[in-house]
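For reference, the structure is listed below as structure tokens.
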Amino acid sequence: MSTTVNPERAGRAAPSRPPRPGPLVPDQHGAWAFLALPVSLAAPVLSWHPALVPVVLAWVAAYPAAWALTGRLTAPRPHRFDRALRLWLPLAGVAAAASVAWRPWLVWVGVLYGLGYAVSLTYARARRERALGNDLVLVAQCALMVPVLVGVGARGGWVPPWPTFDGTLALLTAVCALALVGSTLHVKSLIRERRRPGFARASRWFSLACLAAATGLAVTGTPWPLMPATLAALRTHLLSDPSLRPGRIGMVELGVLVVLAGCAWWV
């Protein structure tokens with residue numbers, strides 16, 4: 001075999017591929033369903049006000065903005081998040097400013113969400129973004145959004161509209177939190193924590209506890225949480241095979257949350 005080097009090719013550099021652009025949205029598709037649930041649960045009981053438009057926009061845009069900012073601060077290749085940060089951070093900022101202009105008391109809500117982001121950033125710096133504690137921060141933020149949206153439809157000023165937080169709203173907030181905790185435990189037991197049987201047991205017992213609570217509510221005259229709680233318990237006990245594809249798991253979770261959002265209209 002000849003080892004002669006072609007002089008014309010020797011001076012040529014190998015063509016370099018252009019760098020791939022960074023992602024614009026997070027790859028955690030289930031988080032979008034988490035963001036939609038509090039909006040769906042608040043809708044049956046809130047009063048319409050134009051301020052709800054920028055509030056919902058800020059709520060949705062804040063998630064990818066926080067993700068991009070976290071990546072810019074902690075990722076090994078932070079420049080990959082520049083494109084997403086340039087898109088989502090201004091959008092979330094403008095929507096948040098418009099929201100506060102209409103409802104100044106949202107400043108205090110922003111402080112709470114800022115503290116939650118600080119906790120998530122701590123997890124990210126430790127490379128533990130998928131830890132259960134970090135997931136529960138998102139659950140708490142989603143549950144808080146239910147009374148926030150109802151309050152936005154109620155009144156402005158610097159004082160939060162505490163009187164809107166009645167028994168019905170408290171139930172909707174609790175249901176939002178419990179549904180998302182149950183979903184988190186179930187998905188983790190099938191994917192990331194499938195080698196830890198404790199997660200599967202916790203998921204099953206949690207779903208049974210929620211079903212018992214929903215049954216008690218139905219007996220006392222509040223039946224609407226019973227159907228989604230039953231579906232969630234069945235899903236946890238029947239769909240417990242860790243070999244299930246993530247896409248199928250996600251579709252089942254989405255179906256349970258859609259049923260829950262629909263049943264909330266009978267609140």
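Quick reminder: no glycine exception, Cβ is built from N, Cα and C everywhere.
Here is what TrEMBL says about this protein:
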REGION    1-22  region 'Disordered'
TRANSMEM  51-71  transmembrane segment
TRANSMEM  83-100  transmembrane segment
TRANSMEM  106-124  transmembrane segment
TRANSMEM  136-155  transmembrane segment
TRANSMEM  167-185  transmembrane segment
TRANSMEM  205-227  transmembrane segment
TRANSMEM  247-266  transmembrane segment
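Contact count against the transmembrane segment (83-100) (Cβ pairs under 8 Å) is highest for 51-71, out of 51-71, 106-124, 136-155, 247-266.
With a cut-off of 8 Å on Cβ pairs spaced 6 or more residues apart, the transmembrane segment (51-71) and the transmembrane segment (247-266) reach fewer than 3 such pairs and are scored as not touching.
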